[in-house]
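A.B. asks: Got a structure here, written out as structure tokens. Questions coming.
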Amino acid sequence: MVFLLCFFLVADVSYGINKDCLLPMDVGRCRARFPRYYYNSSSRRCEKFNYGGCGGNANNFHTLEECEKVCGVRSRDSPKEN
């Protein structure tokens, strides 16, 4: 019973969010420090991080506005700096 409750709570939070936004933050395998934004599904905000320049995943946006638009975040919920 508890499992089902947890499942539905998690499903409700992620329903309708672009699947790329649910990927974990990934700085990539290179060592550059490009400022980027990713959607943090725990805080439900777009947050800043430093991208290494290669590799990584699709949860990687050039601007806060792009992250918010793709991931459906309201501006008042962001930004959160890392």
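Placement of Cβ uses the backbone N, Cα and C atoms for every residue, glycine included.
Remember, predicted model here, so these are calculated numbers, not experimental data.
The disulfide bond annotation in Swiss-Prot covers C21-C71, C30-C54, C46-C67 and is backed by sequence analysis. According to Swiss-Prot, the domain 'BPTI/Kunitz inhibitor' annotation covers 21-71. The annotation signal peptide is assigned in Swiss-Prot to 1-16.
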A.B. asks: Which of the three DSSP states, helix, strand or coil, fits C46 (disulfide bond)?
C.D. replies: strand
A.B. asks: So if I draw a 10 Å sphere around the Cβ of C30 (disulfide bond), how many other Cβ atoms end up inside it?
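C.D. replies: I count 13 other Cβ atoms within 10 Å of it.
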A.B. asks: Do you see any of the disulfide-bonded residues C21, C30, C54 whose C-alpha is within 10 Å of C67 (disulfide bond), and which ones?
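C.D. replies: Within 10 Å Cα-Cα: C21.
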A.B. asks: Of the disulfide-bonded residues C21, C46, C71, which sits closest to C54 (disulfide bond) by Cα distance?
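C.D. replies: That would be C21, nearest by Cα distance.
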A.B. asks: Are there any residues at least 6 positions away along the chain from C71 (disulfide bond) with a Cβ closer than 8 Å to its Cβ? List them or say none.
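C.D. replies: Spatial neighbours, sequence-distant, of C71 (disulfide bond): I17, N18, C21, Y39, C46.
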A.B. asks: Among C21, C46, C54, the disulfide-bonded residues in question, whose Cβ has the most other Cβ atoms within 10 Å in this structure?
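C.D. replies: Counting every other Cβ within 10 Å of each candidate, the maximum falls on C46.
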A.B. asks: Look up C54 (disulfide bond) in the DSSP assignment and reduce it to helix, strand or coil.
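C.D. replies: Coil, per DSSP.
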A.B. asks: Counting across all protein chains present, how many other Cβ atoms fall within 10 Å of the Cβ of C67 (disulfide bond)?
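C.D. replies: So the Cβ neighbour count for C67 (disulfide bond) comes to 25.
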